[in-house]
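For reference, TrEMBL has these:
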type	residues	note
DOMAIN	8-255	domain 'SMP-30/Gluconolactonase/LRE-like region'
BINDING	E10, N146, D196	divalent metal cation binding site
BINDING	R93, N95, E113	substrate binding site
ACT_SITE	D196	active site, proton donor/acceptor
Amino acid sequence: VVKEKNRMGECPVWEERESALVYVDINSQKVCRWSPLTNEVQSVSVDARVGSVALRQCGGYVIALGTRFAFLDWDTQVVTTILELEQDKPHNRFNDGKVDPKGRFFAGTMAEETAPGVRARRQGALYTLFPDHSVIKQLDQVDISNGLDWSLDHRTFFHIDSLAYAVHAFSYDVHTGKIACPRLLYHLEKEEQMPDGMCIDAEGKLWVACIDGGRVIRIDPETGKRIQTVRLPTSRITSCCFGGKDYSEMYVTSAYDGLDETTLAKEPQAGEIFKITGLGVKGIPQHFYAA
């Protein structure tokens with residue numbers, strides 16, 4: 001549905017108040033907004049790689065870029081830094097993020113490659129930005145902090161560390177925002193490749209984007225089993241979210257960075273954004289950062 005190609009499209013968020021899909025292109029350092037009504041993509045350039053974007057209650061967005069949390073005012077394109085983190089880790093940057101049911105913004109970091117295939121291990125962390133702008137570190141020694149969401153009863157937090165090739169579940173205290181007691185929920189099969197972004201549906205099942213696996217998979221957190229696979233026309237599938245007027249459509253982002261010329265010729269839709277319909281299940285609205 002979005003033909004404008006992204007180097008590293010990520011973190012799609014359906015914004016009901018604009019009837020639009022908001023997302024980032026990490027490597028182009030842009031926050032983007034696509035309107036299905038006009039088919040127009042608007043974007044705001046920022047000064048660092050931007051890993052995630054989330055809706056703000058009072059309008060505009062909260063973003064995680066470089067190693068800082070910031071607000072983005074869409075109309076003025078002004079970025080206001082809230083807090084700098086990890087200044088001792090020059091190769092780190094923020095990656096995926098999402099707002100919890102109480103309006104706190106969770107986002108994690110990762111080490112960038114210093115050369116092709118070379119990356120310092122366990123340099124990342126997972127942080128929570130509270131509405132009063134205070135921050136706590138939830139996890140340490142993470143490789144690539146990625147997809148995240150909460151169970152419908154708000155008692156479980158789901159998180160992906162991509163290089164573990166797995167989805168983990170944590171007990172979640174919605175009152176304090178703290179996570180605890182990690183357990184393995186699902187380990188990806190070889191052909192599914194590496195897990196990236198993730199979202200939950202209205203039945204409490206998880207959808208995981210498989211980067212280099214060219215698919216999204218649906219997992220039942222109760223049984224830890226994969227129950228559905230949807231293949232897409234390009235391999236570097238990065239994230240997914242539900243949207244549309246009744247949240248019955250799934251939007252899926254992809255990337256073309258990391259593909260060689262031969263693969264790009266075979267995958268002309270790499271970097272585009274796709275819409276999956278007819279899944280027979282709906283999503284739930286995104287939460288707003290409460291400040």
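If you go along the chain as it appears here, the first residue is 1 and each next one adds 1.
Even glycines carry a Cβ here, placed using N, Cα and C.
Source: prediction; values computed, not measured.
Summarised as a single figure, the pLDDT of the domain 'SMP-30/Gluconolactonase/LRE-like region' (8-255) averages 97. Here the binding-site residues are N95, N146, and the one whose Cβ sees the fewest other Cβ atoms within 10 Å is N95. Contacts of D196 (divalent metal cation binding site) defined by a Cβ separation under 8 A and a same-chain sequence distance of 6+ are given as D96, N146, G147, I160, S162, V208, A209, C210, I211, I237, T238, S239, in order along the sequence. It is E113, among the binding-site residues E10, E113, whose Cβ has the fewest other Cβ atoms within 10 Å in the structure shown. Counting in whole angstrom, N95 (substrate binding site) lies 9 from E10 (divalent metal cation binding site) by their C-alpha atoms. For R93 (substrate binding site), the same-chain residues that are 6 or more apart in sequence and have a Cβ closer than 8 Å to its Cβ are A48, R49, G51, L65, G66, T67, T109, M110, E112.
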